[in-house]
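Chemist: Below you'll find the structure I mean.
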Amino acid sequence: MSLAPGTETDLQNRFRSHFCGRLNTEYENKQVRLAGWIHRKRDHGGLIFIDLRDHTGIAQLIIQPEKQELFQKVERLHVESVIAVQGTVVKRSEETLNSRIPSGAIEVLVDDVQVESHAVALPFPVADELQTSEELRLTYRFLDLRREKIHQNIVFRSQLISKVRRYLEDHGFMEIQTPILTASSPEGARDFLVPSRLHPGKFYALPQAPQQFKQLLMVSGFPRYFQIAPCFRDEDARADRSPGEFYQVDMEMAFIEQDDLFEILEGMLRYLTETMSTKRITQFPFPRLSYRDVMNRFGSDKPDLRVPLEMQDVTELFVGSSFKVFASNTKEGSCIKAMVLKGRGTESRQFYDKAEKRARELGAPGLAYVQYREEGPKGPIVKFLSEAELSALQERLAIETGDVVFFGAGKWEKTCKIMGGIREYFSDLFELDRDELSFCWIVDFPLYEFDEKESRIDFSHNPFSMPQGEMDALDTMNPLDILAYQYDIVCNGIELSSGAIRNHRPDIMYRAFEIAGYSKEEVDKRFGHMIEAFKMGAPPHGGIAPGLDRLVMILRDEHNIREVIAFPMNQQAQDLMMSAPSDVSRLQLRELHLKLDLPVETAEQEPG
């Protein structure tokens, strides 16, 4: 396990003089006091061997048969009982050396044992990391956290937070705490609401992010802010998203431009990677790719750049084609995308059927493909394509014999996303380097999008981002062509964070909202406190907030976010260990002036 904080001297007391994992041959013949949990216990012909575990690792103890009182005391103990011992460090014999643990060259001959806590039979073993159901692990999380792998994850997380603080403080940032009880916002995800006892009928909300507070700190004259910020969103769980709450490294800076922020965050991520991981960053500074570019090439705004697959636009090759499916998608707003899979042109029919099934799940009517075989092009659509079109495709896409090319056709955005999903589906065919961190910035997001359902223009992402070109762009450009100073940081297909250079000018803000159909009065009603603050002198500012949990996941090579959180909820947003959420009494509800209006199937569970 990872080393405990502090030194031996710092933590000496009646329980311990040393840590288990730090003992070595330098301590030979020295008296030591150790304390911890019984990891394993073995009786070998009258000798009892105990692997004693503390936060730093394991030390082997020996209870000799002549110590009858100690022998009987220890013999009755279950694993995971807590003991404090005193004894003498001795070298192990050559045949008993254990190179798998740092203390494997020594053992401790025990003179005294104090039993601090008796452990009952356990619901699952700690010493052997056997497959255990997640439900059981989360119910007994305090036990699960003793297991080496997850214990190290939490230690790593603590050390990473410490390094983040050090880096940001060295770069002029101040750590400032923002409120946990705040106002509900109609934007974004669903809020967690907290009823007010003192103000009947009114509610606080737990913050989805400290967004407005950190911007107001810039208005208050603090140049650089950060916080290891808890955020609360009532949303469903995913492998890389914890339901309910998560933590982010929340940052904001005044008097900066986009490049300044990129330099700070890239430096921090490189520092963390180099000091805490054996992984390597593929390219530094991180490449910057426009939203339009990544959608055209990868079909996703969070691409895994390790996957050696790219889409290419072949729309112009099929203008006037006799294949109507392609010809009808050569007009403005539509496209034909092609993606070559090298060396897969001779796969079985099942291979292509599975790929087509995935395409249908993504919303496509099917998945067209052409196999370039020794005997010539094959596949379901070959009969509809001319020899000239097949040759032009082969030349444009550098197709070789044995390759297969897949196609998507339709409206640009939908087609890109479907083909991006197919790219992700095929990524399992490649042996990706798990030690490679392929960071990139996604920039130049559109400020607006056209809402097909509402038949109107609306903001595509963050309405408070500064438009590129500022007021001039809003007054002179087609709204759908206006780009925002908004950016995402992505690593290996995982979005770590979104950020933006903020719109700090009320006149530009009113105009931006006007284009999206919001009146000045409506903007004032929704965001009046922010507008008022900006009217009193707001500096140019911007920020970002990388997800702490996701960052630890990436650096620790974990695929499940619950493996890097000490006490996570399950996928149904339940804390199985604390039995939350739980019923509350009628008295508690009455104090908050609340009555329950439960769905029929749960009404019988109303608290009595």
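From the backbone N, Cα and C atoms, a Cβ is placed for every residue, glycine too.
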Chemist: In Swiss-Prot, which of the ranges 211-214, 475-478, 495-498, 583-586 has the region 'Aspartate' annotation?
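Modeler: Here Swiss-Prot associates region 'Aspartate' with the stretch 211-214.
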Chemist: So which of the recorded positions is most packed in, judged by how many other Cβ atoms lie within 10 Å of its Cβ, out of His44, Arg502?
Modeler: Arg502
Chemist: Taking 10 A as the limit, how many CB atoms besides its own sit near the CB of Gly547 (ATP binding site)?
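Modeler: Cβ-Cβ neighbours of Gly547 (ATP binding site) within 10 Å number 23.
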Chemist: Just name the winner among Arg233, His461, Arg550 (the binding-site residues) by count of other CB atoms within 10 A of its CB.
Modeler: Arg550
Chemist: Quick one: of the recorded positions His44, Asp234, Gly547, Asp549, Arg550, which has its CA closest to the CA of Arg502 (L-aspartate binding site)?
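Modeler: That would be Gly547, nearest by Cα distance.
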Chemist: Just to confirm: which same-chain residues, 6+ apart in sequence, have a Cβ under 8 Å from the Cβ of Asp234 (ATP binding site)?
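Modeler: Result: Ala189, Arg190, Asp191, Phe192, Gly244, Ala573.
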Chemist: In the structure shown, with every protein chain counted, which of the binding-site residues Glu235, Glu495, Asp549 has the densest set of Cβ atoms within 10 angstroms of its Cβ?
Modeler: Asp549
Chemist: Return the count of C-beta atoms lying within 10 angstroms of the C-beta of Leu548 (ATP binding site), excluding that atom itself.
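Modeler: Other Cβ atoms within 10 Å of Leu548 (ATP binding site): 24.
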Chemist: Measure from the CA atom of Arg233 (L-aspartate binding site) to the CA atom of Asp549 (ATP binding site) and give the result in Å, rounded to a whole number.
Modeler: 15
